[in-house]
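What follows is a single structure, written as structure tokens, with notes after it.
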Amino acid sequence: MDVLLANPRGFCAGVDRAIEIVKRAIETLGAPIYVRHEVVHNRFVVDDLKQRGAIFVEELDEVPDNNTVIFSAHGVSQAVRQEAERRGLKVFDATCPLVTKVHFEVARHCRAGRDVVLIGHAGHPEVEGTMGQWNREAGTGQIYLVEDVEQVATLQIKQPENFAYTTQTTLSVDDTRGIIDALRERFPAMQGPKNDDICYATQNRQDAVRDLAKRCDLVLVVGSPNSSNSNRLSELARREGVESYLIDGAHEIDPAWVVGKQHIGVTAGASAPQVLVDGVLARLAELGANGVGELDGEPESMVFALPKELRLRLVD
């Protein structure tokens, strides 16, 4: 039994930036530092930051006055930003710049009076933040959430000749393409972004899993259950006809999964650290794996800048 690693896997530039913002804020300003929502969707990362002095909350009313709050990588609504400003909270924004790009698109369409369809998963914090960029006082349009092709068939848009779509950044590329095609068939005048809203890291990791699935008879995806992009990786492997499981770490591996398997693929969602992958490899070795290889993959070199104040404090 051998193991094959997907490439790329694990942390993306947006996750790296978000985690680093929390760490540096704690180092420079001291604990506690409040973080609205899990800064990234990974249990191990969140627990580590808690130990360093981060306090995770779901709403700003849980943050005491005169404190610092960090917005998670998933982004927040304009209402949340306005509340933080009204209360005079010090804010560091860890929103992924690629999510911010989608926010700007929605705000631009709103000002232009267009209707907007957001393709995404209801209840996901990124979707809530993006929907919350819509300012009903700034335009005459409306924003709609679509989760699947079935909803497209019954969608009623007020301005079918004047609307655009955007997407959550961590969706299945294949599923999203199907929804966009269905929308365009019903509404030929629909506008879209100049570049796909699904982020480069999501695309690259899904391409890598598709390649992995061709070579393996089991694919393990390291990631937490609430991680959208990690769930999509496991779903994609199964769609390719391969047994696949989403695991938070080595402790969740069932030895029965590897019985009779010859080639085990391992990857990690964009919010899962390499240390968890290392633990999975060690556990697979205990279960009889005798070699680890790695696929060639799309190189990733993107780096997102930290907030200016945290960069300056590092120099000081």
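Glycine residues also receive a Cβ, built from the backbone N, Cα and C atoms like all the rest.
Copied over from Swiss-Prot, here are the features:
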BINDING   CYS12, CYS96, CYS199  [4Fe-4S] cluster binding site
BINDING   HIS41, HIS74, HIS124, SER227, SER228, ASN229, SER271  isopentenyl diphosphate binding site
BINDING   HIS41, HIS74, HIS124, THR169, SER227, SER228, ASN229, SER271  (2E)-4-hydroxy-3-methylbut-2-enyl diphosphate binding site
BINDING   HIS41, HIS74, HIS124, SER227, SER228, ASN229, SER271  dimethylallyl diphosphate binding site
ACT_SITE  GLU126  active site, proton donor
Determine the Cβ neighbour count for CYS96 ([4Fe-4S] cluster binding site): the number of other Cβ atoms within 10 Å of its Cβ.
26
When the Cα-Cα distance from GLU126 (active site, proton donor) is computed for each of the binding-site residues HIS41, THR169, ASN229, SER271, which gives the smallest value?
THR169
Binding-site residues (THR169, SER228, ASN229, SER271), the one with most neighbouring Cβ atoms at 10 Å:
SER271
Using the recorded [4Fe-4S] cluster site (CYS12, CYS96, CYS199) as reference, state which further residues of the same chain have their Cβ within 8 Å of the centre of those residues' Cβ atoms, listed in sequence order.
ALA13, GLY14, VAL15, ALA73, PRO97, LEU98, VAL99, THR169, THR170, TYR200, ALA201, THR202, ALA270
Euclidean distance between Cα atoms of CYS12 ([4Fe-4S] cluster binding site) and SER271 (isopentenyl diphosphate binding site), Å:
7
Determine the Cβ neighbour count for CYS12 ([4Fe-4S] cluster binding site): the number of other Cβ atoms within 10 Å of its Cβ.
27
For CYS12 ([4Fe-4S] cluster binding site) and HIS74 (isopentenyl diphosphate binding site), determine the Cα separation and express it in whole Å.
13
Let me check the 10 A CB neighbour count of HIS124 (isopentenyl diphosphate binding site). How many other CB atoms are there?
17
Excluding HIS41, HIS74, HIS124, THR169, SER227, SER228, ASN229, SER271 themselves, which residues in that chain have a Cβ inside 8 Å of the centre of the Cβ atoms defining the (2E)-4-hydroxy-3-methylbut-2-enyl diphosphate site?
VAL40, GLU126, THR170, ASN226, SER230, GLY269, ALA270
